[in-house]
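Here is what TrEMBL records for this protein:
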- 16-264: domain 'SMP-30/Gluconolactonase/LRE-like region' (DOMAIN)
- E18, N154, D204: divalent metal cation binding site (BINDING)
- R101, N103, E121: substrate binding site (BINDING)
- D204: active site, proton donor/acceptor (ACT_SITE)
Amino acid sequence: MSSIKIECVAKEGYRIGESPVWDEKESALLYVDITGRKVCRWSPVTNQVQAIAVDAPVSSVALRKSGGYVITLGTRFAGLKWKEQLVTTIIHVDKDKPNNRFNDGKVDPAGRYFAGTMAEEIRPAVLERRQGSLYTLFSDLSVVKQFDQVDISNGLDWSLDHKTFFYIDSLSYSVDAFDYDLQTGKIGNRRSIYKLEKEESIPDGMCIDTEGKLWVACYDGGRVIRLDPETGKRLQTVKLPVDKTTSCCFGGKDYSEMYVTSATDGMDKEGLSRQPQAGGIFKITGLGVKGVAPYPFAG
């Protein structure tokens, strides 16, 4: 094994850092601060963070084929033009649930944007249950609800052959798989492929590597774990210097670096003094595996 190195590259102390995405065109890392209500972009060249403030909790960001980005903002899918700092609503969901907001989202290999909702938290991971749904935004800007009764809609990704959709509903403490039809975007045959162990705590954001293995950030577990979706076995654990690890993605020139977001919401003064890098963005090198480039939204 090569030696693993972990460094905190953005020490901004985000409230809920989430949804890291590598933007190859800009050679930069995109991510959001959900409760801090901003979309951020960190450049490894300048080591600077640019941020755009938005008017609601912003929970995920994705690349867009036609330029700019797409985001999930409150209960809206929206477009974001970075240079103009312009946000435009695409479509509203969960209109009958004023207490809901979007959470994690990701684009599938055909360019559809999948994202799920949840009730606003009373405090971290404490909320009215089964209020969320998983949605798909198609390239023609129509939306389909895949299923409801979700607690905290979280990590998503697709197998390398695009025949399996992986998904996390955090409070089930499970990583689930569905059969996936790339032609239609339909999912079915849900099953659990991994149940988290007590010390791993709550499964949050997720990504896949070029060997087809899943990496899951463990909220309150202070780690990312590598899973084999075929065998349901944990292959590796990488511990971070903060407990509230929220999501992960691969990036860098050849997608050999892993980026991990984290949060400070729900931490007291003592906790923050014990973990001064809480809410930071971390870069992990030396994992010996590479990731898959993100797909852009086709609409």
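Think of each number as a place in line: the chain as shown, counted from 1.
The backbone N, Cα and C atoms fix where each Cβ goes, glycine too.
Features recorded in TrEMBL, as mapped to the structure shown.
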residue	record	Cβ contacts under 8 Å, 6 or more apart
E18	divalent metal cation binding site	Y31, V32, D33, I34, S59, S60, D104, G205, T246, S247, T261, A263
R101	substrate binding site	A56, P57, S59, G74, T75, T117, M118, E120
N103	substrate binding site	I34, S59, S60, T72, A115, G116, T117, M118, G132, I152, S153, N154
E121	substrate binding site	L127
D204	divalent metal cation binding site	D104, N154, G155, I168, S170, V216, A217, C218, Y219, T245, T246, S247
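Cβ atoms within 8 Å of the centroid of the Cβ atoms of R101, N103, E121 (the substrate site) belong to the same-chain residues I34, P57, S59, N100, F102, T117, M118, A119, E120, L127, I152, site residues excluded. Regional average pLDDT for the domain 'SMP-30/Gluconolactonase/LRE-like region' (16-264) in the model is 97.
Each of S19, N103, D104, I152, G155, I168, S170, G205, A217, Y219, T246, S247 belongs to the same chain as E18, N154, D204, is absent from that list, and has a C-beta within 8 angstroms of the C-beta centroid marking the divalent metal cation site.
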